[in-house]
């Protein structure tokens with residue numbers, strides 16, 4: 001217990017206004033391994049008002065973590081709009097590792113974990129959660145409590161073993177504040193948002209004090225997030241989170257479960273903040289270029305190889321990453337042609 005408590009304390013100290021994991025984190029592997037294996041001492045519904053089924057687990061050492069269960073097989077292709085389907089647990093795992101690769105260390109620590117529901121969860125579950133468990137043939141199922149949760153929307157284990165993503169809870173001293181994204185979708189098939197039709201939309205965004213690039217890093221953070229979301233095909237960041245009452249807080253890369261749904265499609269409009277504003281941190285551009293020539297997929301695959309739920313992504317999703325990176329390169333080159341390299345790349349001291 002002392003070892004796990006010490007590691008949780010280390011992970012809490014890592015979190016700051018501009019990063020969740022520091023550039024140099026020699027104990028990262030130990031923290032991730034502990035997150036994969038430490039005993040669960042309490043299980044409860046993560047949030048009664050949320051839209052997705054999640055469990056809030058308390059681990060030995062009094063560390064909280066959110067468990068997002070597996071809904072789909074790795075090969076399942078999610079059709080429909082970019083935000084369709086339930087959260088993909090493997091997307092959360094892959095997104096965390098991708099954020100580390102890209103130097104966008106703003107995603108909470110996330111691992112894949114398999115839990116035995118009968119041995120590890122049910123004995124320590126709260127009554128309101130336990131009431132939603134039942135047996136379906138040889139499989140243990142539950143439906144939890146949330147906005148869309150109910151007996152008609154259960155998730156079932158393979159016998160008693162449930163695979164999922166386990167996301168380390170952020171330190172309690174940091175309170176999250178949610179903002180509506182300027183590039184939010186309408187979520188209506190016959191209604192377009194203003195950003196989809198207004199050629200001068202970015203100028204309107206930059207006219208707002210919050211997004212004025214001369215007063216803070218928020219716009220550049222959103223462009224970093226847009227590139228990240230495009231690579232994983234997450235078109236569902238309708239709101240974003242920052243730390244409340246923290247000067248120049250980063251835009252956190254939370255809730256990445258809508259990524260990696262369809263490896264055959266590239267939703268270019270996720271890149272709207274980039275191609276409409278045509279500004280980008282030079283540090284982000286330099287980092288992206290390191291992964292040209294299919295290096296992004298091979299690097300991420302190597303990182304994910306040791307996951308407890310490997311293989312995390314199919315080869316089609318890995319290939320899609322490399323293909324989408326080429327679209328990012330082409331978009332930035334287009335901005336260079338239109339505005340000149342010096343106006344596009346920003347030497348931002350707040351990384």
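One is the number of the first residue shown, and numbering goes on along the chain from there.
Backbone N, Cα and C atoms are what each Cβ position is placed from, and that goes for glycine too.
Pulled from TrEMBL, these are the features on record:
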ACT_SITE  236  active site
BINDING   52, 68, 255  ATP binding site
BINDING   87, 255  Mn(2+) binding site
DOMAIN    133-344  domain 'FAM20 C-terminal'
Mean predicted confidence [pLDDT] for the domain 'FAM20 C-terminal' (133-344): 96
Other residues, Cβ within 8 Å of 52, 68, 255 Cβ centroid (ATP site): 50, 54, 66, 87, 92, 257
Around the Cβ of residue 68 (ATP binding site), the count of other Cβ atoms that are within 10 Å: 26
ATP binding residues 52, 68, 255: largest Cα-Cα distance, in Å and rounded to whole number: 11
